[in-house]
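The block underneath contains the structure these notes are about, expressed in structure tokens.
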Amino acid sequence: MGKEKTHINIVVIGHVDSGKSTTTGHLIYKCGGIDKRTIEKFEKEAAEMGKGSFKYAWVLDKLKAERERGITIDISLWKFETSKYYVTIIDAPGHRDFIKNMITGTSQADCAVLIVAAGVGEFEAGISKNGQTREHALLAYTLGVKQLIVGVNKMDSTEPPYSQKRYEEIVKEVSTYIKKIGYNPDTVAFVPISGWNGDNMLEPSSNMPWFKGWKVTRKDGNASGTTLLEALDCILPPTRPTDKPLRLPLQDVYKIGGIGTVPVGRVETGVLKPGMVVTFAPVNVTTEVKSVEMHHEALSEALPGDNVGFNVKNVSVKDVRRGNVAGDSKNDPPMEAAGFTAQVIILNHPGQISAGYAPVLDCHTAHIACKFAELKEKIDRRSGKKLEDGPKFLKSGDAAIVDMIPGKPMCVESFSDYPPLGRFAVRDMRQTVAVGVIKAVDKKAGGAGKVTKSAQKAQKAK
């Protein structure tokens, strides 16, 4: 078998009709985890519905529909392979909670693939003031997705088809605005593709002899190639934060007969091992970890990215819950946040937001109302420079530094210390009103809290 390939996560962004689904579907279909039988079944259904041309998007529509109906679909369907990586598509917009998911980061994307449509009028619509292209790219950058690939799609529908002039015009325009957001266009691969016909997806296209390939210049190594697949292969692999102290936000807590209390969640930073003494914040409960499991197999250690269940002694299901965070009691244990300072960007709010506004925040797995206690300064969202002190209110499009106070105990961290616990979505009126990153946290020193017998024993034994 040799060494397993590295896993990377990508998010596919772009305007609603840019062809994201077709492009993604094409990759999954050609290099991915969908088996022949499923594809044949889809093709048959597509033909019966008169979608006989079998758009690749159909694959994705089927998967999406299942995901939306809450059927947890086999996640391998959202995977494909390049020569170097196993790639998982964590989400593709168009999914209802896309923005929320992108922020609360069910998992953090290592790279964003921005799809723009080259068709007449289509590109302009996507990039216009209210097109989603800008918002998605800005979000990706704000949330720390620092690598970007741009697929200029639907090259088969330019005027004339496969027009070099049109491609160059789009590259120039996209470069200008991703630069404004904060990306350096020299580090971004631009690829002219047709997700539908397959041009430059996996093999170089004979329809665009003028395209001499893409090149990226970056301090971690330059790269070049022709196809979208090669561009994905040149993503810089992520460094997983094993050296940081443990942070594990709980997704659920189960009570399992004969075993006891089993919290479940994803290790975001650090390492979780049996025998460790962990503290749960904000509830301030400390106990010993008896065992750690993943996919029903016992682990000697769980690393960042692992979704695990772990058995804890002398803790009832009432003591800990979803949204709590587990950490090492001896190494920067997590604590309750009395308040925190954040940089927020208001995405869509019909009115004005002033001090006292108390929407729900989604941060890691926590879902808690927080009050905008003080609007400290309004800033330029591109440069971060201060525009005014103590603004009276904020409206859509504004960026600001604000002080926030949780309505109930919660545990968050600064983005610079623990990125997954330092970004949040602000939800109100059933939509994402704002996104933010936490700059600083005022931690509540809570004394010892509840320390279970097994924790005391384990601590003595050391």
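One-based numbering along the chain as shown.
Quick reminder: no glycine exception, Cβ is built from N, Cα and C everywhere.
The N,N,N-trimethylglycine feature in Swiss-Prot is assigned to G2.
The domain 'tr-type G' annotation in Swiss-Prot covers 5-242.
Residues or ranges marked as region 'G1' by Swiss-Prot: 14-21. The DSSP breakdown of the region 'G1' (14-21) into helical (H, G, I), extended (E, B) and coil residues amounts to 2 helix, 0 strand, 6 coil.
Every protein chain shown contributes to the tally, and the Cβ of N153 (GTP binding site) ends up with 29 other Cβ atoms within 10 Å. The GTP binding site annotation in Swiss-Prot covers 14-21, 153-156, 194-196.
Look at Swiss-Prot and you will find 70-74 tagged as region 'G2', backed by sequence analysis.
Residues annotated as region 'G3' in Swiss-Prot: 91-94.
Residues or ranges marked as region 'G4' by Swiss-Prot on the basis of sequence analysis: 153-156. If you look at the region 'G4' (153-156), the same-chain residues 6 or more away from its ends with a CB under 8 A from one of its CBs are 18-19, 22-23, 115-119, 122, 162-163, 167, 192-197, 199-200, 207-208.
The feature 5-glutamyl glycerylphosphorylethanolamine is assigned by Swiss-Prot to E301 (among others). Cβ neighbour count for E301 (5-glutamyl glycerylphosphorylethanolamine) (all protein chains, 10 Å cutoff from its Cβ): 14.
The 5-glutamyl glycerylphosphorylethanolamine feature in Swiss-Prot is assigned to E374 (among others). In sequence order, A355, G390, V402, D403 constitute the residues six or more apart from E374 (5-glutamyl glycerylphosphorylethanolamine) in its chain with CB-CB distances below 8 Å.
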> From the Cα of E301 (5-glutamyl glycerylphosphorylethanolamine) across to the Cα of M155 (GTP binding site), what is the distance in angstrom?
Replying inline: 48
> Roughly how many angstrom lie between the C-alpha atoms of N153 (GTP binding site) and E301 (5-glutamyl glycerylphosphorylethanolamine)?
Replying inline: 43
> What does DSSP call M155 (GTP binding site) in the simple three-state scheme?
Replying inline: helix
> Hey, how far is K20 (GTP binding site) from E301 (5-glutamyl glycerylphosphorylethanolamine), Cα to Cα, in Å?
Replying inline: 37
> What's the CA-CA gap between S18 (GTP binding site) and E301 (5-glutamyl glycerylphosphorylethanolamine) in angstrom, rounded?
Replying inline: 43
> For S194 (GTP binding site) and E301 (5-glutamyl glycerylphosphorylethanolamine), what Cα-Cα distance in Å is obtained after rounding to a whole number?
Replying inline: 44
